[in-house]
Amino acid sequence: MLDHVLGRPSAGFKRIQVLLFTLAAFSVIRRKDSSYPTPKLFKWIDKKLAAYSPWKIVFGVLSATYLINNLFLLLYLNAPEPLARMYTRNFYRATYVLTALDAGCLTAMGMRPRWLREILSFVFGVFYLFRPDAADTKVRKYRALASVEMMRTSWEGRILNPVVRLITFTERGFLPIRRDINIARPTPPSITSFPERELGPVRARLYFAGTEEEMRKSKELILQLPGGGFVTMNPKCHDDYVSNWARQTKKPIVALDYGKAPEYPYPFGLEECFDAYRSIVESNGSVIGLQGWEKDERGNDIIKDPIKIVMCGDSAGGNLAVGVVMRCLETHEKVIAPPAGLILIYPCLSFDIACWMPPDQLKLIRAESQRSLSITNFIEAKQRIKQLSPLAQPEAPRKINVLSGTADRSKSWYHNFRSQPPPAGPTIPSNLSMTSRMSYFTDRIIQPEMMRAMALLYLGSSPEPADLGSDYYLSPVIAPDELLARFPKTYFICGEKDPFVDDTVVLAGRLRDIKKKAHREWQRTMKRYPPPDSASSPASDSIIDGQPATSHRPRHLSIPHNPSVDIATAHQILNNHIFSRDPDAMVRVNILEGISHAFFNMAAILPEAKQATRLTSNWFLEMFADEDAGKNLGCCPDTAEELTDTMIQQISGKTDDTLLRSPSAYGPFYPIYGAPMHMPSPHILVDGVSPEQAFDFAPVGYGAEGDAELDVVKEKHLLERRRLELGSTLYHRDG
């Protein structure tokens, strides 16, 4: 009360108030009865209490205090409970335990030495299990002023606490191989936005449920990018469910311990994860202990099938996993094959903390709900409001079964004595549909304050100012269609009440939409490349829209080269092309009703987490069993890329010149070596002619001669860009 009267909320004022009250009470207790006359009421109370033993008096006083504190609750004068029926019972129970452990860790955060802090963290956590409201209040106050120490103490402390790990040991169990490793950087190194830093090996954690020899002979690998808000949580914090993945799939798993903000801001983590992936691909797994490429007697690599990699990422790791795939697709000079499959677990795919959902995104969500029953309730919640209570959440089921996709919506027996609830309410306009970040701002796991803190820590000290409007490595939901069309098979799993659920549904909708367009274009292209033995097959070289098929050139550019490719080769490539895959089989979405964020880390206290672990293990096995996965380029990568770009140009309606004129439309340009840059910059001059002038240039008598001269100018610009790329190894950033 004292701090409120003084108009300055302060823990110091509250301490003063407590000390003053304690001193006053102590002085009354210490006062001798003969000093002042005792009121008759007190004498009557003394007489009545004399019949009870001291412990009963103390117990009675405490009980009376508890009753008074909850008097308004007994009289139905309490405030409404905002989280009532928002989650399933199991999930709310799990968050109750996690909140208590968080409060215990935060209470002991400043204590030293470490062993004392870890013991008291658990003791305080048990105390807060009996005071859940106090735990919730404390955690929310800390999160309102989130700091790096607070997030790391809270999220890592409750998992890595020795007492907690001892109690939850059965969830991890014994695993023959579970150790920390270092992954050497590729040679030569990839580009970096931090040229002044000395880049060492990438730290990682290796899991395998078998012997060293069995692991060495493995032909498949799971690469995990663990989440933690870009700020905290190393792979050891994810031991529980990753260890179960290793046992259930019998595949080696590598979890990357990428650099966390603020020490390693954006895009350090992305570049580090790409380096690790590139090292694994180029060494065929030898950098992590697999057999690698076979050697002949002279030490030369023998051609063999590369290992099949499925990548997964949860939360912030999902953002980085999508970024690594896009880096593979956008990397020039050297082919870095993307993973055979991608599994995204409640990924954070947008840094736009907006309130209202754009109509185009809501349209995607509606379309996606027609294909997945798990999204139906999610979209209905966005489109309906309760009468007189627009922020009320629809009631979650009692429990769900992740594996079967069913939900228990039965009512408890006491609901029979309640009056019927009012109608659901009117349908709201699409332009008033709130984003999940705002709809679930009271979430018990991720609050808006935490999102802002993580974004500021991740982007605040970045070497380049963050471009939230166009940088699709920050917000993959705005990635260009040209990239999404070439994505591998992608599966999503997310909670319905997760603040990031919109990201999942929007990206899944965009992937499915563009892959359907790509599949239709593939069907049209196949008609232009009939089988070689077909009577309609031309005997000459293949023709694409009136132009000869060309050999390898940078993505998004079309510079005619020789030799051209025959019909047989083109037909073989198209048969194995990624656009030939069924779009609905390439994208899968599973939305869990009544569940929010980070449920994979709750395996010890949440039954649905164990089911989700089993479901994703089945997804891994399904992707590994897919013989077409990873064979996206066919037998001839150069020609495959040519045909891919030709189909993409038809899908997007962009010509080669349009693509070359608008480099900014595709964000940063990533050569395999050197420095990040953009595609040919307008200010580069070659023989006194700028790129804009080059593409507008058409000599008098434009025709075959003009085309040839224009191609020569384009060639010069291409060579100039190559020179810049190769020279950018000596790149340094001014200022």
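Quick reminder: no glycine exception, Cβ is built from N, Cα and C everywhere.
A TrEMBL annotation is a machine prediction, not a hand-curated record.
Ranges compared are 91-109, 338-356, and TrEMBL records transmembrane segment for 91-109.
Taken residue by residue, the domain 'Alpha/beta hydrolase fold-3' (224-351) breaks down under DSSP into 49 helix, 24 strand, 55 coil. Counting residue by residue with DSSP, the domain 'Alpha/beta hydrolase fold-3' (439-518) contains 38 helix, 7 strand, 35 coil.
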